[in-house]
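Structure record follows, encoded as structure tokens.
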Amino acid sequence: MTVSSSVTAPPDGRMMHARLMNGDRLTQAEAAAFMHEVMEGNVSGVRLAAALAALRVRGETPEEIAGFAQAMRASAVRVQVAPREVLLDVVGTGGDGAHTFNISTTTAFVVAAAGVPVAKHGNRAASSRAGSADVLEALGVNLDAPPQLVADGVNELGIGFMFARNYHPALRHAAPVRADLAARTVFNILGPLANPAGASHLVVGVYRPELTRMLAEVLRLLGAKGATVVYGSGLDEFTVCGPNTVTGLRNGELICRTMHPEECGVSLHPKEAIVGGSPAENAEITRALLTGGGTPAQRDIVALNAGAALRTAEQVESIAQGVARAREVMASGAGWDLLQRYAAHTQRAAS
């Protein structure tokens, strides 16, 4: 007697390329299977370029992006932090071309000093002069600290930084194609979705307003407990230069709104007031802000982003409350003390 199995075979990633070229939409599982083949180096450069171009023309679905991110997470070097209710990442897609100072990096240390565990995932500069990795390196952080030391940073100090290049080695198979295309592809938005420590709560900045709802839906599909996705009038983070397009994920529901800085107790400022410079110059701005200094515009934009992060992590009842808490932390110098302790912690690997 033949016994039929009710177990469905996993999708064959090798067949998904043809589906994409036909204009078909993939399920999350199918997209994950295709990206797994990419991560394994089993998709030729020509086929990958064609698939990325087809996706760009047709437009990716939330399920496809979630599947791609799922495969990236599976292939990443893991950072095993102790179980906790909240583990936050504050990250942007980049690509806004605004050349601001390192707002999300500074924000991460303010939020961690306020008591929220942070596992920040970041890279060197792509479209700016100084990425999060560049400025943290300038501040004495060892970017090549091993995963266990980064996990210990989260567990013992409340913060860890994961240099993306070290945690996603499988992306090397896609790197030549991405460089040759010289255009935005789905890979530009996957990095913030593939935190190697498995952040439960995320603040994600994006470079187009229509991506706010899209990525919030992706994060819901990926099981995030809470998230805020923002486009800040040309910035891939909350801005103090105009309105913010925001989609929040809370209790499994998406809430879309336009948020003005004045609602949260911060003033409007011109974009020129938040421009940064070289890694050394941005490191000095971060140091000033974490020790209670900086300009009013710099303080306001970090306080706003930190306030939103504290709200996302469910530590305050409103962004305005979070802004007030962030101002207290910056004035106290606790964020700078934390950064110095974390830098010393990472240097243990080099000694």
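Note: Cβ is positioned from N, Cα and C throughout, glycine not excepted.
The 5-phospho-alpha-D-ribose 1-diphosphate binding site annotation in Swiss-Prot covers Gly92, 95-96, Thr100, 102-105, 120-128, Ser132 and is backed by sequence analysis. Residues or ranges marked as anthranilate 1 binding site by Swiss-Prot: Gly92, Asn123. Annotation source Swiss-Prot lists Mg(2+) 1 binding site at Ser104, Glu237, citing sequence analysis. If you look up Swiss-Prot, you'll see Arg178 marked as anthranilate 2 binding site. Among the features that Swiss-Prot reports, Mg(2+) 2 binding site is placed at Asp236, Glu237.
For the pair Asn123 (anthranilate 1 binding site) and Asp236 (Mg(2+) 2 binding site), the C-alpha distance works out to 15 angstrom. When the CA atoms are compared, the binding-site residues lying within 10 A of Glu237 (Mg(2+) 1 binding site) are Gly92, Ser104, out of the candidates Gly92, Ser104, Arg124, Arg178.
In the shown protein chains, 17 other C-beta atoms lie within 10 A of the C-beta of the residue listed as 'anthranilate 2 binding site'.
Ranking the binding-site residues Thr100, Ser104, Asn123 by other CB atoms within 10 A of the CB puts Asn123 at the bottom. One residue stands out among the binding-site residues His121, Arg124 for having the most other Cβ atoms within 10 Å of its Cβ: His121. All chains included, 25 other C-beta atoms sit within 10 angstroms of the C-beta of Gly92 (5-phospho-alpha-D-ribose 1-diphosphate binding site). In the three-state DSSP reading, Asn123 (anthranilate 1 binding site) counts as coil. When the binding-site residues His121, Arg124, Arg178 are screened for a C-alpha within 10 angstroms of the C-alpha of Asp236 (Mg(2+) 2 binding site), no residue qualifies. Cα to Cα, Arg124 (5-phospho-alpha-D-ribose 1-diphosphate binding site) and Arg178 (anthranilate 2 binding site) are separated by 16 Å. Each residue contributes its Cα atom, and for Gly92 (5-phospho-alpha-D-ribose 1-diphosphate binding site) and the residue listed as 'anthranilate 2 binding site' those atoms are 19 Å apart. There are 27 other CB atoms within 10 A of the CB of Asp236 (Mg(2+) 2 binding site), with all protein chains counted. On a Cα basis, the residue listed as 'anthranilate 2 binding site' lies 25 Å away from Ser104 (5-phospho-alpha-D-ribose 1-diphosphate binding site).
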